[in-house]
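Colleague: Got a structure here, written out as structure tokens. Questions coming.
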Amino acid sequence: MPGPRVWGKYLWRSPHSKGCPGAMWWLLLWGVLQACPTRGSVLLAQELPQQLTSPGYPEPYGKGQESSTDIKAPEGFAVRLVFQDFDLEPSQDCAGDSVTISFVGSDPSQFCGQQGSPLGRPPGQREFVSSGRSLRLTFRTQPSSENKTAHLHKGFLALYQTVAVNYSQPISEASRGSEAINAPGDNPAKVQNHCQEPYYQAAAAGALTCATPGTWKDRQDGEEVLQCMPVCGRPVTPIAQNQTTLGSSRAKLGNFPWQAFTSIHGRGGGALLGDRWILTAAHTIYPKDSVSLRKNQSVNVFLGHTAIDEMLKLGNHPVHRVVVHPDYRQNESHNFSGDIALLELQHSIPLGPNVLPVCLPDNETLYRSGLLGYVSGFGMEMGWLTTELKYSRLPVAPREACNAWLQKRQRPEVFSDNMFCVGDETQRHSVCQGDSGSVYVVWDNHAHHWVATGIVSWGIGCGEGYDFYTKVLSYVDWIKGVMNGKN
């Protein structure tokens, strides 16, 4: 508030060798290499995406090594691979460190460098889908006379999974699963499509036939594409709602799977909407009290854990664009109207028990006075920055009580209808600097899911009186418009 890594099951080391063989014939054969000989492994792709990384990622990779990984899919399926992070030392024609993707029916593709580097050839957002049921990734680094970690290149992180044969349309899809049900001689192949519950639900389901490349048909021969939509507001490990005490507690993994940790001008929070949007406060992007803002400030987003160090290990989710509500005025220090923003991520995020979106509100009853909700965040606590996700159970406060509290203190802050207040004047609470942008959630008894009704916006001091939140309901149409590409 202002002023106010599941790793894929793989091994890089060959099961036949625990170190560098000392035999002279091997040294003669591989004398050109400085390190261990080629290491190989075989991975079995599954419906859900799994991670494959360079050795030691995200720490800088060592020099003078070669690793080949064969990724195989079950009969009737292909392998899809896409890079989420790629950082190799650039070189002309990728003659130095490189990653090579190869499979039957296609020429090998070699990559190096980083996105935007003038030298090198990074893969960018390209996805690789094997023509058969296997794909090979080869990672090579050139020998070096320098310290093997004396460079700043961390390697790569890729996601791989199975897709149906003749797959031709991009998926974000952690979401879609396919189960082959064709018998010998069947043509075309029939695939029972389904969504990965409980993280996704189907908008169109059933047995679809892969008739032509990129076309699915149902039993009535009508074209239909399975749409898997993220399930919001239903944690696999929900918070225990029977607690009676107010105040701060440490969150368990999976309690608040929508929680994001942001680092822009400082630490902040946010909440996942769908599988590629972060809901946050505008003032975390354009602070009210900042005199010398740097242009092109980096926006870092982390998800998937309750410990900051573990979130950092999982890696930053690059942001494609930032959308701030037009009503937000950075130069009006006492007016936080329109304190809401959306961050669109470059890639959709595979959902799972520790990464799930929160729902949006749809009615005023979710704001009634006395309704208890939860606010979570990585903000300061007792003057110290926390490294663990904390949460507090707090009631929605009467609007008139908050107005009176502000007037008593002769505060100039605007308390508009697009805001609401939370807390109890007689109780201490823990919302403070670093919590900005995190959300206040309540349980919707009718829809049976958690709803983000508020965004931590502003307050007077820490742990005292009331805190003031952006009323998300007032901005639902704007949020949906941005997410649907209308705004």
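Placement of Cβ uses the backbone N, Cα and C atoms for every residue, glycine included.
Quick paste of what Swiss-Prot says about this protein:
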ACT_SITE  His283  active site, charge relay system
ACT_SITE  Asp339  active site, charge relay system
ACT_SITE  Ser436  active site, charge relay system
DISULFID  Cys94-Cys112  disulfide bond
DISULFID  Cys195-Cys228  disulfide bond
DISULFID  Cys402-Cys421  disulfide bond
DISULFID  Cys432-Cys462  disulfide bond
DOMAIN    39-163  domain 'CUB'
DOMAIN    165-230  domain 'Sushi'
DOMAIN    245-484  domain 'Peptidase S1'
CARBOHYD  Asn147  N-linked glycosylation site
CARBOHYD  Asn166  N-linked glycosylation site
CARBOHYD  Asn242  N-linked glycosylation site
CARBOHYD  Asn296  N-linked glycosylation site
CARBOHYD  Asn363  N-linked glycosylation site
SIGNAL    1-35  signal peptide
Colleague: Have a look at the recorded positions (Asn363, Ser436) and report the one with the fewest Cβ neighbours inside 10 Å.
Modeller: Asn363
Colleague: Hey, does DSSP put Asp339 (active site, charge relay system) in a helix, a strand, or just coil?
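Modeller: Once the DSSP labels are grouped into three classes, Asp339 (active site, charge relay system) ends up as coil.
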Colleague: Just how many other Cβ atoms lie inside 10 Å of the Cβ on Cys195 (disulfide bond)?
Modeller: 23
Colleague: Counting across all protein chains shown, how many other Cβ atoms sit within 10 Å of the Cβ of Cys421 (disulfide bond)?
Modeller: 22
Colleague: Starting from the Cβ of Cys112 (disulfide bond), draw a 10 Å sphere and report how many other Cβ atoms land inside it.
Modeller: 27
Colleague: Asp339 (active site, charge relay system): which of the recorded positions Cys195, Asn363, Cys432, Ser436, Cys462 is the nearest Cα neighbour?
Modeller: Ser436
Colleague: Run through the Cβ atoms and count how many others sit within 10 Å of the one on Asp339 (active site, charge relay system).
Modeller: 31
Colleague: Measuring Cα to Cα, how far is Ser436 (active site, charge relay system) from His283 (active site, charge relay system) in Å?
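Modeller: Between the alpha carbons of Ser436 (active site, charge relay system) and His283 (active site, charge relay system) there are 8 Å.
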Colleague: Using DSSP, how many residues of the domain 'CUB' (39-163) fall into helix, strand and coil, respectively?
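Modeller: Breakdown, helix to coil: 3 helix, 64 strand, 58 coil.
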Colleague: Nearest to Cys402 (disulfide bond) by Cα, among Cys94, Cys112, Cys228, Asn363 (recorded positions)?
Modeller: Asn363
Colleague: Spatially, which candidate from the recorded positions Cys94, Asn363, Cys462 is nearest to Cys195 (disulfide bond), comparing Cα atoms?
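Modeller: With Cα distances computed to Cys195 (disulfide bond), the winner among Cys94, Asn363, Cys462 is Asn363.
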Colleague: Let me know how many other Cβ atoms fall within 10 Å of the Cβ of Cys94 (disulfide bond).
Modeller: 22
